[in-house]
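To keep things clear, I will list the structure first and then write my remarks on it.
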Amino acid sequence: MRPVIVKGKHVQVMSSSKREDGEVRSAKTMDRDIVSNAFKQAVLKLNPKQMIKNPIMFVVEIGFFITLLLSVVPSLSTNVPLWFNITVTLVLLFTVFFANFAEALAEGRGKAQADSLKQSKKDVYANIVKENGEITRVLASNLKKGDMVLVKQGEMIPGDGEVIRGLASVDESAITGESAPVMKEAGGDFCSVTGGTMVVSDEITIRITSNPGESFLDKMILLVEGATRQKTPNEIALNTVLISLTLIFLIAVVTLPLFTNYLGFQIDTSILVALLVCLIPTTIGGLLSAIGIAGMDRVTKFNVLAMSGKAVEAAGDINTIILDKTGTITFGNRMAHALLPVGNETIEQLAKWAALSSVLDETPEGRSVMDYVQSKGFSYNVSKEEIGEFVPFKAETRMSGMDLKSGEKVRKGAVGAVIDWVQSQRGKIPTDLHQKADLIAKEGGTPLAVAAGNRIFGLIYLKDTVKPGMRERFEQLRQMGIKTMMCTGDNPLTAATIAKEAGVDEFVAECKPEDKIAVIKAEQELGKLVAMTGDGTNDAPALAQADVGLAMNSGTAAAKEAANMIDLDSNPTKIIEVVAIGKQLLMTRGALTTFSIANDVAKYFAIIPAMFTVAIPQMEALNIMGLHSPLSAILSALIFNALIIPMLIPLAMKGIAYKPMSSNTLLFRNLLIYGFGGVLVPFIGIKLVDLVVGLFIS
């Protein structure tokens, strides 16, 4: 608590506290319970009604039923032994099972996180405050939007809401995993509270902002469980390509008997089924859903809640990131560093009016002005009775201050805004005002002009600090081909100094909320995808306009509703990690698609020569792998085709290693590793399986 002396009386002002990000809560990929449940779900997903959602694996399951029939009724298959049909049937079953297991494992990790969130969702009693002041206790599940609720120290906040009265410390660890409490108070951008969190000091009155079942925690549980997950546009497009390839191979395999009959020999149905399954892209088909689910899970592990997979994918395609200066690029704790009187005014006069404009200002800047004035020993003699109405800062006016009961008005704020305010009252502007303001700006500070009536008394020098490592992070984004833009309400000189120090590509000075929307639209008109962060109600329109809008959990309900991602740690710089995760998701999908198609090329060289060697002896020259026999070649390729899916599950879950580099370098690297590797690995794998299979085939 800090005392502010006003003519011998004390006004207590609570100091704010800033928490650091908590450790990320996550479920291990191979947790025993998750794996056990994934096995059960993989079996349940064998239901054709479930399998039809994945057309590629549905084709494999149809093949399983065909070979199962051939195994049960051997007379339908006369060209191959019964053991071959049974083996093919089992391998196809495991192929489908492994694909289902990958998806169930990814979903299981989300469900484990959802279970921990459900533990925070308890039906407690709430103290409803009626219009006449009477307090009634009801179950939290009976609260409706608009209800006023009193929450005291030690009580759980019964539902989502906004603080309308009071100030308190709130423990949000049940939601964010961060143990340090955060301050919540009426007004401003930090009035939003979440149901399931607990008040640890003082008391607050909140207005409920959601009906039962519509709270933030309810939405989190649904999203983390994947109940609302839909396929993203990129996923749908890739699925369309894979289905097209499957249809092409299906037509080729169905018409193949016409060709073999012409050559004078017949191919058994089970061999045709095995050939089809080996040629269609089953690897990526079996892992595609798991990759998408795991991508959202990786975002969740960073304590970021993505409203859809589309938002995560969009983050991977981002071209421009728009960042607020305060709290994102800089620490955001601009503190009063000096007082500079202008014209013929004295520093004592400036100190008096600076303090008067800040005595009821609960912002960090306002409190720092009071601290500075008191630390320098300045005094002012204003009775508490003379203090009138506080004028809060607004983005439109860019000023705050107080209207005294005597009729005098005092303001502090952006130099340009205060000049306009003074000139509107026919006041004169000191000749050295701009010179001193420019001096502060060139040093990277922020000048706030102080005026009373139609006189400007001087400047408050606010100083902020760029967060360490920001220049390096922006350089990484530049290597990824992403442009960074800084938006700030500071004047152009201050903005330019901070931008140069931080290493951002462009900046927008004296930026108002509507300016952010204009900047976003301008970038989008150039065909670029834009990401931005925000926490205030005035950020909501821009968050909605951006392709990726990351809202802070500590921000207002309007900001969180407008955004498509919410950072539970309220760390604006996390947008950079979100972009990296999005790119990793797209790269993982692309790399495994490349690997899957390259696999098909290798399997082609394993199966086709073996199938036609009997009828066309010259095909033996293409049997470069030296496989044991035609049946061994087909089984080896089919077994490898099944085993590669579980072998790639950890990579699909974790994502491929990502380092910032140019698109061309990235493409060459992935083609080399996953294209060439996708051809080489099957040659080695199929040969090893053939050596084992050959031991059982005479």
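In case you wondered, yes, glycine gets a Cβ from its N, Cα and C as well.
Matching LYS376, LYS384, LYS412 to the ATP binding residues that Swiss-Prot gives (ASP361, GLU365, PHE393, LYS394, ALA395, GLU396, THR397, ARG398, MET399, SER400) identifies LYS412.
Of ASP324, ASP535, ASP539, all annotated as recorded positions, the residue with the shortest Cα distance to THR397 (ATP binding site) is ASP539. The two recorded residues ASP539 (Mg(2+) binding site) and ALA395 (ATP binding site) have their Cα atoms spaced 11 Å from each other. The maximal spread of the ATP binding site, taken as the longest Cα to Cα distance among ASP361, GLU365, PHE393, LYS394, ALA395, GLU396, THR397, ARG398, MET399, SER400, LYS412, is 18 Å. Closest in space to ASP324 (active site, 4-aspartylphosphate intermediate), of the binding-site residues given as ASP361, ALA395, MET399, LYS412, ASP535, is ASP535, taking the CA atom of each residue. When Cβ-Cβ distances under 8 Å to the transmembrane segment (82-102) are tallied for each of 56-76, 240-260, 271-291, 677-697, the top count falls to 56-76.
Tertiary neighbourhood of the transmembrane segment (633-653): same-chain residues 29, 84, 87-88, 91-92, 94-95, 98-99, 101-102, 105-106, 109, 271, 274-275, 277-278, 282-283, 286-287, 290-291, 294, 297, 588, 592, 595, 599, 603, 606-607, 609-611, 623, 625, 627, 681-682, 685-687, 689-690, 693, selected by CB-CB distance under 8 Å and a gap of 6+ residues from either end.
On the backbone, the CA of PHE393 (ATP binding site) and the CA of ASP535 (Mg(2+) binding site) stand 16 Å apart. Outside the transmembrane segment (271-291) by six or more residues, the chain places 54, 56-57, 59-60, 63, 66-67, 79-80, 88, 92, 95, 98-99, 102-103, 105-106, 235, 238-239, 242, 245-246, 249-250, 252-254, 256-257, 585, 588-589, 592-593, 595-597, 599-600, 603-604, 606-607, 611, 634-635, 637-638, 641, 644-645, 648-649, 652-653 with a CB less than 8 A from a CB of the stretch. Under the three-state DSSP scheme, ASP539 (Mg(2+) binding site) falls in the helix class.
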